[in-house]
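S.K.: Sharing a structure below in structure tokens format, with a few things to ask.
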Amino acid sequence: MASEDIAKLAETLAKTQVAGGQLSFKGKGLKLNTAEDAKDVIKEIEEFDGLEALRLEGNTVGVEAARVIAKALEKKSELKRCHWSDMFTGRLRSEIPPALISLGEGLITAGAQLVELDLSDNAFGPDGVRGFEALLKSPACFTLQELKLNNCGMGIGGGKILAAALTECHRKSSAQGKPLALKVFVAGRNRLENDGATALAEAFGIIGTLEEVHMPQNGINHPGVTALAQAFAINPLLRVINLNDNTFTEKGGVAMAETLKTLRQVEVINFGDCLVRSKGAVAIADAVRGGLPKLKELNLSFCEIKRDAALVVAEAVADKAELEKLDLNGNALGEEGCEQLQEVMDSFNMAKVLASLSDDEGEDEDEEEEGEEDDEEEEDEEDEEDDDEEEEEQEEEEEPPQRGSGEEPATPSRKILDPNSGEPAPVLSSPTPTDLSTFLSFPSPEKLLRLGPKVSVLIVQQTDTSDPEKVVSAFLKVASVFRDDASVKTAVLDAIDALMKKAFSCSSFNSNTFLTRLLIHMGLLKSEDKIKAIPSLHGPLMVLNHVVRQDYFPKALAPLLLAFVTKPNGALETCSFARHNLLQTLYNI
């Protein structure tokens, strides 16, 4: 390290925050590769008496630097809180496990008794979980109360490793007469899916002391949701349940509602964007009406709930004196339904509690019926472990005996919700196929899958591939529904491949303009147009990681894309796993 760099580092360290037993290097942007780089950090640690909390967020720590920092921690037995989120930026994934192993060994040697461990926003994947597995099983974590692993890309494998480690920690600590009493568990955006969630649910059921569970955006469907619901029922102290942006369907909604009936301490329920639909919402409303005396927030936004079910939910919160927010935005109430909902809440003197309804999707008489069919399809898929077998079985189950080759499947009699009883009532309905314009107006994975294999042809036919702005619009709408679910992922990438292959092969298509406009809409490049950036970059980044590896992608665009994805940006920081994967791919082009 050059002398001027050392001087700069020393100046940065001089501003290090020291308060209440806490030593903070948070957000210093330190690049600690070697032992020499970490020399001043180590000095600060060694000279700090009574160190209880160490903040390393917002720096980047290499293997060698981690080893010497760990050595310094071996004498810090009073350390209780490790705030180590976002501290491997720019590191190869292979560097992270050995760095974590070293740090964990330092804590174990010190005889520390941790209360909080935060490793969020480190894109370490399943192998990274192996890096702190031994720490979790050790006496250093027998006292752990808060475990935060948000946005780490653990996947199913990492979820299973984590669950086993927590179970072992509980077993060992129980043998010493002081069972692990974990209170807060955070693991959003980790692609846990059903198997990972189910494994963790088993661990939660054994632990039994949870007060907060945050697991949004994990691709969990109703089998995983049901497993979690069963585990939550054995955790009577639960106050916060955040499963935002997973796919409950009605089956998961009903299962979770049954658990809510048994809990008395719950204050916050966040099931937004979970597709509980009307039947699930009515079941949850029943649980709210009969209990949950401390409820402060109920989020059922963007769940495909219709008017009558939404009114049932509103009526259920009438006696919740502590309620601060009811969010039913983004459902299918219609203008009249929104007015009725506001009137109901106003009649309870709770108008201020109701969140905005500005994104209501409008009343659609056929949408509920389509949703019922989606539930059946999703359940058929989830019953099989192999993705390819899932798709084949689903096709077979949907195929009626009279179906001929090349014909559309006949629409059977379906059920819609009886608004009075909340029970399904049989009706006959005519087919309501989804067309591309419907999908592009309100994109969702279900609508994309309903288009079937023809989506690739349709998107090419109905998009002006000579116009970069129109291609960007179609690209972002398809990418927005990207999920790790095999069928959704395949449908998204097939549609994107067809669109981009046609666009890049068009002689009048300006590739540079396309990338520029894409970066603007993603909020990575400023524009005089004052275009509002899309809300989430996860889908577009995951899709771009696929696109840049295809033969049709002009490799001359890679350096420009790399430059903007590398630049610091708040929107990118919330998608560190997807960003890391794309950067790795771009570096290798």
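FYI, residue positions are counted from 1 along the chain as it appears here.
Cβ coordinates are placed from backbone N, Cα and C, and glycine is handled just like the others.
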S.K.: Between 173-176, 329-332, 525-528, 549-552, I'd like to know which one Swiss-Prot lists as motif 'SUMO conjugation'.
M.R.: 525-528
S.K.: Can you check which of Ser94, Ser413, Ser441 Swiss-Prot annotates as phosphoserine?
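M.R.: So the answer, going by Swiss-Prot, is Ser441.
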S.K.: Among Ser138, Ser444, which is annotated phosphoserine in Swiss-Prot?
M.R.: Ser444
S.K.: By DSSP, what is the split of the region 'Important for accumulation in the nucleus' (541-566) into helix, strand and coil residues?
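M.R.: Output for the region 'Important for accumulation in the nucleus' (541-566) reads 19 helix, 0 strand, 7 coil.
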S.K.: Same-chain residues six or more away whose CB lies under 8 A from the CB of Phe564 (site 'Hydrophobic interaction with UBE2I')?
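M.R.: Expected: Leu519, Leu524, Leu525.
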S.K.: For a three-state summary based on DSSP, what are the helix, strand and coil counts in the repeat 'LRR 1' (48-71)?
M.R.: 9 helix, 5 strand, 10 coil
S.K.: Tally of helix, strand and coil residues over the repeat 'LRR 4' (235-258) according to DSSP?
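M.R.: Split into helix, strand and coil, the repeat 'LRR 4' (235-258) gives 10 helix, 3 strand, 11 coil.
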S.K.: Express the distance between the Cα positions of Thr438 (phosphothreonine) and Lys454 (SUMO2 cross-link) as a whole number of Å.
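M.R.: With distance taken Cα to Cα, Lys454 (SUMO2 cross-link) is 14 Å from Thr438 (phosphothreonine).
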S.K.: Looking only at Cβ atoms, how many others are within 10 Å of the one on Thr438 (phosphothreonine)?
M.R.: 15
S.K.: I need the nearest neighbour of Lys454 (SUMO2 cross-link) among the recorded positions Lys279, Lys526, Lys567, using C-alpha distances.
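M.R.: Sorting the recorded positions by distance from Lys454 (SUMO2 cross-link), the top entry is Lys279.
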S.K.: Applying a 10 Å Cβ distance cut-off over all chains shown, what neighbour count does Lys454 (SUMO2 cross-link) have?
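M.R.: That number is 10.
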